[in-house]
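Colleague: Sharing a structure here in C-alpha cells format.
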C-alpha cells in the first residue's frame, strides 16, 4: 500500500535471504529506504531494515523454539520435583488399586478360589489349572490336575509321560499357583492349601549364553548348581528335563544324581517336581 506497486513480490533464497522483487516498469515507484540487493533482467531485488528483522526472527525461530522448549521442560521438572513425594505416593496407591482390582476381576471371572496359607510343609492343590494356558485354549477346555507335596512323605515327584502330554505345563502350573497364593491372589483350582515357601527355583527350557561362553549344557549345570546351593527345606524346586543338554545316558545320570541329592541331603529336603 505504501509503494502503490501492485506486482510487488517477496521471495527467498539461501544466498540473499528474504528480498522484495520489483519489475523494471515499477522501479520509479521504489521508496528511498529500499536497499538494492540484486539486479535482474526483468527487474531488481531490494531489502529493508524491517525485512531483515523479520528474516532474523524467521530464520532463528527453530533455535528460539528449542530454547523455549528447554526452558519449559526445566520448569516442569522443577515443579514435578517439588511434589515428587506426593506424586510417588499417589502412583503407589494407584498401582496397588490396579493390581488388586485386576486380581479380583480375574478371580471372579474365571472361578478362582481362595487358597489356605499355612506354616506346614505341605502343598495340596485340587484340580489346579495353568492360568495362562487355560485362557489360550479356544476350542478345548483345560484338563485340571491335582498335586500333593510334603516334606514328610511326598517330597519328590518324578513326572513322566509322552511328548506333548502337558508335563511342562503341569510344572509351571504348580509354581504359578504357589506364587499367586503367596502374593495374596486367589488361585485357579477348586481348593488349595499352600505351606509357605521361601523361594521358588526353576530350571526349565534349554538355552545357551554366547556372551558368557556357556553352552546349553553349561547353563543348565550352572543353574542347577545354584539351586542346590541355595534351596532350603521350605523351598519349591521345579526341574524340567534336567540333563537334556547332553547325551541320553549322561543326562539320565545327572537327573538321578540331582534327585537323589535333593531327597537325601539332611539340610536340603526341598519339595521338588
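Quick reminder: no glycine exception, Cβ is built from N, Cα and C everywhere.
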Colleague: Of the ranges 150-173, 174-197, 198-221, which one does TrEMBL flag as transmembrane segment?
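Modeller: The listed stretch tagged transmembrane segment in TrEMBL is 174-197.
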Colleague: In the domain 'DNA mismatch repair proteins mutS family' (235-251), how many residues does DSSP call helix, how many strand, and how many coil?
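Modeller: Its residues fall into 4 helix, 4 strand, 9 coil.
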